[in-house]
Each structure stands twice: as structure tokens, then as C-alpha cells.
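First the structure, in the form of C-alpha cells, and then the observations on it.
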Amino acid sequence: MQDHHSTNESFDVIVIGGGHAGCEAAITTAKLGFSTALFTINLDRIAWQPCNPAVGGPAKSQLVHEVDALGGIIGKLADETAIQKRILNASRGPAVWALRAQTDKREYSKKMIEILQNTDNLSLKEAMITELDIAKTEEIGLNSKRTVKKRIKGVRTFFGSYYSARSVIITAGTFLEGRIWIGNKSMSAGRSGEQAAKGLTENLHEIGIKTERLKTGTPARVDKRSIIFDDLDIQPSTAADKYFSFDPDIKNNMPQVSCHITRTTTKTHQLIRDNLHLTPIYGGFIDSKGPRYCPSIEDKIVKFADKESHQIFLEPEGINTPEIYVQGFSTGLPENIQLELLRTLPGLNECKMLRPAYAVEYDYIPATQLQTSLETKEIEYLFSAGQINGTTGYEEAAAQGLVAGVNATRKLSKKDPIIFTRESSYIGTMINDLITKDLKEPYRVLTSRSEYRLTLRGDNADRRLTQLGYQIGLINEKRWSAYQEKMKLLEEEKFRLNKTRLKNTEEISKKIELETGSKIKGSITLKELLKRPDFHYSDLIKYNLTEKNLGSSIQEGVEIDIKYEGYLKRQKNNIEQINRQSCKSLPQEINYEKIETLSLEARENLNKIKPKNFGDASKIPGVSKADLTALLVWLKIREIKKEKANIFIEKKLSSKKHSV
């Protein structure tokens, strides 16, 4: 990069992109005392929700709880701007319970802008970054081997302004060379109504970072005044008292609204089949992979041809807008056919379309080029977070933004990065998946991706991560005190339930036996009572067997801990056993191609990813248990050879001293 202009300003950290990843990253670095600038193409669309105006859902809600437990923002804003909340999977076990909030998208963005503007050490800049400035230094290592180290120095905007930075975090979302498609028509855009980011992809290639192409999409928005709601099933808000945030000061003053449900019809399906050739994917205009778990309506009709109907949700985008988001109905069909399709749905026969659905393809950075800290392997102090890493969803983006922000500051402070493991969090599961697997489609977090989902619940995210958030410096003293008080009450209640015993001769015992149909033999502790499948903490309250008026989160935590005690102990033992084996480090200089006892696929994948330890190596596709055993043996032989060489050298040196 030629420096045609002098430095405008200098910052410790520059964040490129003002989406959910960028906001979390910028707030994190600024809160930790580092001068930060957040650059975005449009300051009026900060933390925008260009697709679904919702936060949470299966596994995603666990991510939001975790980000909040660490001191992040997304959970608080989702709580404060929620206009509907529901618990998903409530009839199943606690491992998969999920809070989902419909949010007011304009209110969400407005509140995020207010937070950014009032965060110390943080500057907001409207500009398009097109170049990264890299410094190169040559180092001489072992055996006089020369290596070139690259480090980020600063950034340049489209119009030539230069800003120096000690660290840079790229959170460009879908904007890198973004192109939106409606039918066979396309235009350059990061999302509808906003220009794409030009130039940065080419610059990334020049500095040694590869990019590939992905696709996503968003459905049409319709005018709620044109919908016949009497023809639809209603879906009311049923969990307004549930929160993503563990901060007791967070409140919601938004009015609660209902969503509605309609379904596709045979007419819908036939119209799609007749026009498949006009879509960007089936028409062959683009070949980028779309998200498996959020397919277009044409994908659903093709892949589930035997299904007669698909559920479609109508979700308000806010309190003061007539726009309704047609969830489950994203498409790349031409605009006129989209309206025809919408009018085949019950309740939408006379609807007015305010915004058409569109597909968007964009460049992303395959995350196998990143370290676990989200720093790029190629360039020091350059981090990448969010949808640019191949993920889909605000929640995944926010979590990565916080991790990148924390680790950028730790790198600048010469501290070791914070590494989130699969055993500790969904954040760790997601990052491990991203950096060890070649993505062929946008990645979304799922409960099925975690081997430890009973341990990694949403309700206990604070117990798992708040202490870490406090140690990092993102949890303030007030929040820390509230957390400690909660832990104290939770442990005291579990102790009380274990010690308090009911005799079967007591009147309350007879009442419980009569109403539950389960006998009490001799006597029983309240803990043993709570272990029964059909007995809940609410029953303890009902039978006046409580002492303190504990909050619902403590009641829930106590019940889960007791009911699932055996399972949780087994999972804890498994985690400890895995940790003992997986923490064994793997030297980064190993050339796996030369280890002939490894399978060819294992050699290729290990060399490409360069795992830091056996735990990471075990999660790489194509690396079998046999490969891990062979690698362990190879390392042991290597260590023995090194020890023998050291003994030989010591003897040589010793004999030389004696001869002198």
C-alpha cells in the first residue's frame, strides 16, 4: 500500500463493519480501555436486522445467554426491544429449551447506536474500507531459516483517507462484493438499498487471505393492513417474563404482539414448480451454496416433494411499521411471481407486497485460515468475525464479535488469548467447527452440534461464563455482586432440599401421596421428592415447602441440577477425561506430510489446519482414532530421539571440557 496521504487518526483497534459482530467487537475493545474506531458504510443502519427481526431460537438462544454472561450486548437489546417472546421445545428436556424473541428492528438499531455513541474510547466513522496496510518483517529462525512475518498497520478508505491501527477486526457481513438477485436480474449490493463493499476482497487476496462465495436470502415483506388475520392461526407472546440477559436491571416496556401462521397450498407448490427455471439457483445464474437450515421456498418444494404443505409464519417487524416478515418464504423468483405466490397463501389472498424477497451472494473468508482466537494465521493482529467467516445469524455473529474483540485486546496487551472450548460453551463449539471444517454452506449453530448440550444450557450460561467475563473486565462490580448472590442462594437452597426430610406420617406427605399417586416409604428428602419426574419446584411452593421467595431463574436452576444430577455428573466426568487427553499440545512446525503412519486424508487436513492440540486434531474431518494413535506414537518417538540427541550433545560438550 502506497501512502499517498498522511494518517488521519490512529487507533488501537479498527473494526470494519457495523453489524452485530462489529458492534460487539467495538464495544468490547472500547470497554476494555482501547481506543477503537468502528467503520461502516451506513451509520444509519447500525446493527440492522436485514432478515428475520428476531433473536434466539434453538442453540441460538444459548449463544445469546453466553454472550450476555460474558458481558456482551445482544441479549440486553433483545430483551429491551422484544415485542413477542416464546419458549421453543418447552415439552422436551432442558438441554434444548430455547427462548426466542421477536424484536422491533428499528428500536433495536436505535438503541445500539445510542450505546455506541455513549461508549468511552469509541469513534464511529462512515466510510468504505478498501485496503489493509501490512508491515512485513523478516525473521531468522532455527537452522537459519528465514520467514516473513506480516502484521496489520492500518486501513485505507475508498476515497484515500488513511487510519493507522495496532489491530483490525473485519466484520463485513454480506457486503464483500455483495450481489442481490431477484429472478435473473441482479445488482451490486450488500443488502437491499445498500451498496456493496468493493476493493477489499482483491486486497485480501493480495495479502494472502483466500475468499470464497456463499449465498443467503430473505423473504418478502407485506403490508399488515392487507392481511385477513381472521383466516390465520394466532401465535401469542407466552414468555414475556423470560430474559436472555442475566442482568437484573434489564426490563422490557414494549407492547407485546402476536404472530400468525398460514400454510402453503397445492397452488403455491405448482406455481413454484412451473417457474423454477426463473430462480437464480435453479436457473443456473449463480452456484453459491445457501443455508441448509433456512432454505428458500423453492428448495423446500423440490427437496420435500412429498410434503403437501409448509408452515409459514407472519411476524411483525416492529410496533410502528406495517411491515410483516413472511418467515419460511424466502425466494429468488421474479417480483411479479412472488406476489402471485404470496396471494396463494390463506389470509394473504389480497396482500400488498412492500419489499420483494431476494437472494444475496457474497465473499467470505473460510475460517480454516483463522486461529481459535479468530486471529488470521497469515497476518498478525488481523481478526475476522461474523458472517464473513461463513456463519449465518445475528447470534453467531455477535458471539464471534465479542471473542475477536476480547482477543484483539489481549494480543495488544501481550496476554494469551481466551480460548473457548467445545466443553465450555456453544461459542467454543461454533468456533471449533468453523476453524476445523471446510464449509460448503453457511453455518448455523445447532444443539445437535454439541456433545455436551445438557451441560451447555441457556439457564446456566452465567454459572459457566460470568466469572470469566468478570476476569476479562466486561462484567462490572454491580453485576458481579448480583451473580455471587444468586450463586449463594442457589447453593443454599440445594443444601436445604437435601437436608429437609418429610415423614410419611405427616399430613403434608399424605396430601402429596394422594395428589401425585406416588407413595412415600418411611421418609423422603425434598431433594428426592424433586427428583421425581412429575414433581416440580412449583409443587414445593404449592405445598408450602419453601422458605425464601426465590426468583424463577434460581428455582429453575435448582430443579434442573437436582433432576438431572446423575446425567450431569456423567457428562462432567466425560469432559474431564477428554480434557486430560486433548490438552496435549502439537508443535506448529510439524510437517504432517512426512508422517507416513497417518492416512493421506489425515496428513492433508492436519497440515492445512495445524491444530494446536490433540483435542482440536480429534475434531478434524478425516482424522480417525487410528490416526490420533499413530500421531501419539510418532510424537513419543520424536521426544525419545530428542532426549537421546540432547544426551549425546551433553556428553560431547562434557568430553571437550575434560580434554581442555
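Keep in mind that glycine also has a Cβ here, set from the backbone N, Cα and C atoms.
The annotation FAD binding site is assigned in Swiss-Prot to G17, G18, G19, H20, A21, G22. Under the heading NAD(+) binding site, Swiss-Prot lists 290-304.
Features per Swiss-Prot, on structure.
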residue: G17; record: FAD binding site; DSSP class: coil
residue: G22; record: FAD binding site; DSSP class: helix
residue: R292; record: NAD(+) binding site; DSSP class: coil
residue: E298; record: NAD(+) binding site; DSSP class: helix
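Of the chain residues outside the FAD site list G17, G18, G19, H20, A21, G22, V15, C23, E24, A25, T40, A47, T171, G173, G386, A397, G401 have their Cβ within 8 Å of the site's Cβ mean position. Here G22 (FAD binding site) is compared against the binding-site residues G290, S296, K300, V302, F304, and the shortest C-alpha distance is to G290. Local packing around the Cβ, expressed as the count of other Cβ atoms within 10 angstroms, is greatest for A21 among the binding-site residues A21, C294, V302. For G290 (NAD(+) binding site), the count of additional Cβ atoms within 10 Å of its Cβ stands at 23 [all protein chains shown]. Working note on the binding-site residues H20, R292, K300: by count of other C-beta atoms within 10 Å of each C-beta, H20 ranks first. Its Cβ taken as reference, G19 (FAD binding site) is surrounded by 30 other Cβ atoms within 10 Å in the chains shown. Each residue contributes its Cα atom, and for S296 (NAD(+) binding site) and G18 (FAD binding site) these two points are 27 Å apart. Of the recorded residues, G290 (NAD(+) binding site) and G19 (FAD binding site) place their C-alpha atoms 20 Å from one another. On the backbone, the CA of H20 (FAD binding site) and the CA of R292 (NAD(+) binding site) stand 22 Å apart. F304 (NAD(+) binding site) falls within neither a helix nor a strand when secondary structure is assigned with DSSP, and so counts as coil. F304 (NAD(+) binding site) sits 37 Å from G18 (FAD binding site), taking the C-alpha atoms as the reference points. Comparing CA positions across the binding-site residues R292, C294, E298, the one lying closest to G18 (FAD binding site) turns out to be C294. Ranked by Cα separation from G19 (FAD binding site), the binding-site residues R292, C294, E298, K300 are led by C294.
If you take the C-beta of E298 (NAD(+) binding site) and look for same-chain residues 6 or more apart in sequence within under 8 angstroms, you find I272, L276, T279, I281, Y282, T331, G332, L333. Residues within less than 8 Å, Cβ to Cβ, of G17 (FAD binding site) and separated from it by at least 6 positions along the same chain comprise F39, T40, I170, T171, A172, G173, F175, G386, I388.
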